[in-house]
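Colleague: OK, Swiss-Prot features for this one:
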TRANSMEM  25-45  transmembrane segment
TRANSMEM  56-76  transmembrane segment
TRANSMEM  98-118  transmembrane segment
TRANSMEM  128-148  transmembrane segment
TRANSMEM  157-177  transmembrane segment
TRANSMEM  180-200  transmembrane segment
TRANSMEM  208-228  transmembrane segment
TRANSMEM  264-284  transmembrane segment
TRANSMEM  297-317  transmembrane segment
TRANSMEM  335-355  transmembrane segment
TRANSMEM  364-384  transmembrane segment
Amino acid sequence: MTQVPNRETPRGIAILARFLASESAGGIVLMVAALAALIVANSPLSAGYFSILHSVWLGLSVELWINDGLMAIFFLMVGLEIKREVLAGGLASWGQRALPGFAAAGGMLVPALIYIAINWGNPQTLSGWAIPAATDIAFALGVLSLLGNRVPTSLKVFLAALAILDDLGAVTIIAFFYSAGLNLPMLAAAFVTLAVLIVMNRLNVRRLLPYLLLGALLWFFVLQSGVHATLAGVALALCIPMGKPEEEARSPLLFLEEKMHYWVAFAVVPIFGFANAGVSLAGITLGNLVDPVPLGVALGLFVGKQIGVFLAAVLAIRAGLAVLPEGSNWVQLYGVAMLCGIGFTMSLFIGNLAFPGSQHLIDEVKVGVLIGSGLAAIAGIVLLRSRFSRP
């Protein structure tokens, strides 16, 4: 008797492959990881969850390995994307950078001002001013992709470019405002390592292994120097050779970016989300939600982002410095500005840097980020699905 082949497994694999290849997959997986963290942190499993995060391995807690180690890989990916877009992508010319550049600047300035206004007079909480200034590129693009062809491709490109420039701004903020207690010998060692990487780039060394080995050494020196270790990822990315457009098939940067994409989207970022979104809601009242930190973060993300991004974009377009994305209208642009308030990954990350050693304030940041990002996602989807956003 001939055995009938089992077609279910290949079909299931095909469905999984299509999901992983979709634009929304990374955002959905991150959303699930964050929701799982919230559930676990408010269940009988919470003691084990927090115990694992605070357990020490090789001198660092698991939480620090995730935030300083795994996130360096995330920032390496961010750096690769920034370099690619600036050299040969959607940010290759000043004209292409204009609208997302102005919008990103407005989208960082206004949320920070709102947070500062709410926390004025409290030096301890004022240090969190940069928390609502960030946009989560995976989350925002994931939500936008759920809308399908309701949103023109030009707006998706605009949001991606804006988020990349936003990430560049966040990296700059971390470098200048959240690095303290410098260890000069280690910092010097980091600069020497970086200099070697730059020389390798100038000599057109195209093998990735030497870059990655020196990158790991650079990460160690930066970690010990007092500068935040994740910046080593960005520095390494900028040293990876891009090559000429006609050499795209042999580009070390494009090869590494392609190989890292799934690991970052479906492992690094979800692990970070699971480790950092868990906050116990026990004892939290409505009164706690209007404390300066969660209120400043939530309003900065939900209100500040949409106002800052949209207002800066309108001023740039009216001044003739930029043009409205092709095939889009003002309502659609405003809907995308709302989605920029999804600040999950980078906002939580900066929150950990702003309030080291204060679990209470970090928990307040988590609450503010979850509320602000959630409201921004819901409002953006509702507006972009409404009849007002149709061309």
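Glycine too: its Cβ is placed from the backbone N, Cα and C atoms.
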Colleague: Given a Cβ distance threshold of under 8 angstroms, which distant residues of the chain, six or more beyond its ends, lie next to the transmembrane segment (335-355)?
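Modeller: For the transmembrane segment (335-355), the sequence-distant neighbours (Cβ-Cβ under 8 Å, at least 6 residues beyond its ends) are 30, 34, 67, 71, 74, 103, 107, 127-128, 130-136, 138-140, 143-144, 151, 155, 158-159, 162-163, 166-167, 170, 173-174, 178, 228, 230, 269, 272-273, 276-277, 297, 301-302, 304-306, 309-310, 313, 361-362, 365-366, 369, 372-373, 375-377, 379-380, 383-384, 389.
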Colleague: Which listed stretch (128-148, 157-177, 264-284, 297-317, 364-384) has the most C-beta pairs under 8 A with the transmembrane segment (25-45)?
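Modeller: Stretch with the highest Cβ contact count: 264-284.
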Colleague: Check the transmembrane segment (98-118) against the transmembrane segment (364-384) for contact, please; criterion is three or more CB pairs under 8 Å, pairs 6 or more apart in sequence.
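Modeller: No, the transmembrane segment (98-118) does not contact the transmembrane segment (364-384).
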Colleague: Between the transmembrane segment (297-317) and the transmembrane segment (208-228), do 3 or more CB pairs sit under 8 angstroms, pairs being 6 or more residues apart?
Modeller: no
Colleague: Counting Cβ pairs closer than 8 Å, which of 56-76, 128-148, 180-200 has the most of them with the transmembrane segment (264-284)?
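Modeller: Stretch with the highest Cβ contact count: 56-76.
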Colleague: Let me spell it out: take the transmembrane segment (128-148), skip the flanking residues so only those 6+ beyond its ends count, and list any with a Cβ under 8 Å from a Cβ in it.
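Modeller: Residues 22-28, 30-31, 107-109, 111-112, 114-116, 119, 155-156, 159-160, 162-164, 166-167, 169-170, 173, 177-178, 265, 269, 293, 296-301, 304-305, 336, 339-347, 349-351, 354-355, 361, 365, 368-369, 372-373, 377, 380-381, 384-385 contact the transmembrane segment (128-148) from elsewhere in the chain.
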